[in-house]
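What follows is a short report on a single structure.
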């Protein structure tokens, strides 16, 4: 393989630029030319494709976002869009593609491979909801951003004897909420993977007041409901105290990537080039127990929920390589809470 391309697709994540940099420089070291595709699959179909050099990725490793830009392009789910994209790639002499993004991006990469065009996926999403990897590019930075915000919210919460409901991102996964909540010492964490009762949340807050605690931080993952809806439900369940809502929003996607995300992205980017060099496509690179692994890309595009309740009321672990259930129980133990 003499020429490959790299694109970013879907929601941006800190560390994407570090991954692009690794792809470019590893490929050059292997004697492979690299082209960048602007705006994801939309740019592929439009032919917005250009050569990248080592200088093109200079000083990019610490930048948030993606300098190749990103976009959602549902038209690529159709065969016509896929074939149009492949036609453009062939015009530029490109023989393989590295796709950095989430599960929607992975589906596009799989379609390319099915049409005989090798594609390798890298998990770029703050949600950490990709099966086949312990961590995704951008997750660590997002958690750090949320923890920093929670520390600041705690300052004002304690000054006014208030309870704050803080809504965080994660789509249908509770990874950000769990990890940031543990790190920031949140009093309660609500995630979409497990059911809970608002009455129990109110009781736990009241128990805190009885023990002399004058403020509380409640984390709610966006996959549960909005922060405003959650606050309303708390009031309906009997909460009488001063209650405020903070929605952290898109600051969770921005910012300079942490050292961990930079290293992870660099390792994954280099591995993607090695796979394409060897003619391997249709796989996604992940990390498990600190070792790089590859998985069939179609399987990794499934929902990455950590765990869920069974019909009998037990807990089913959907991805044993993630520590979600352990963290949920840890938070309950640290705050003397009931599991539900």
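Every residue gets a Cβ built from N, Cα and C, even glycine.
What Swiss-Prot records for 11, 72, 73, 102, 103, 104, 105 is ATP binding site. Over all protein chains present, the Cβ of residue 102 (ATP binding site) has 24 other Cβ atoms lying within 10 Å.
Taken from Swiss-Prot, the feature ADP binding site covers 21, 22, 23, 24, 25, 154, 185, 186, 187, 211, 213, 214, 215, and the record attributes it to sequence analysis. The Cβ neighbour count for residue 215 (ADP binding site), using a 10 Å radius over every protein chain in view, is 22. Under the three-state DSSP scheme, residue 215 (ADP binding site) falls in the coil class.
The annotation Mg(2+) binding site is assigned in Swiss-Prot to 103. When other Cβ atoms within 10 Å of the Cβ of residue 103 (ATP binding site) are tallied across all protein chains shown, the result is 22.
Under DSSP, residue 171 (substrate binding site) is assigned to coil, being neither helix nor strand in the three-state scheme. Annotation source Swiss-Prot lists substrate binding site at 125, 126, 127, 162, 169, 170, 171, 222, 244, 250, 251, 252, 253, citing sequence analysis.
According to Swiss-Prot, the active site, proton acceptor annotation covers 127, on the basis of sequence analysis. Just so you know, the Cβ of residue 127 (substrate binding site) picks up 27 other Cβ atoms within 10 Å once every protein chain is counted.
DSSP gives residue 244 (substrate binding site) a strand state.
Counting every protein chain shown, the Cβ of residue 185 (ADP binding site) has 14 other Cβ atoms within 10 Å.
Put simply, 125 is the one of the binding-site residues 125, 169, 251 whose Cα lies nearest to the Cα of residue 11 (ATP binding site). The Cβ of 251 has fewer other Cβ atoms within 10 Å than any other of the binding-site residues 23, 251. When the binding-site residues 25, 213 are compared by the number of other C-beta atoms lying within 10 angstroms of their own C-beta, 213 comes out lowest.
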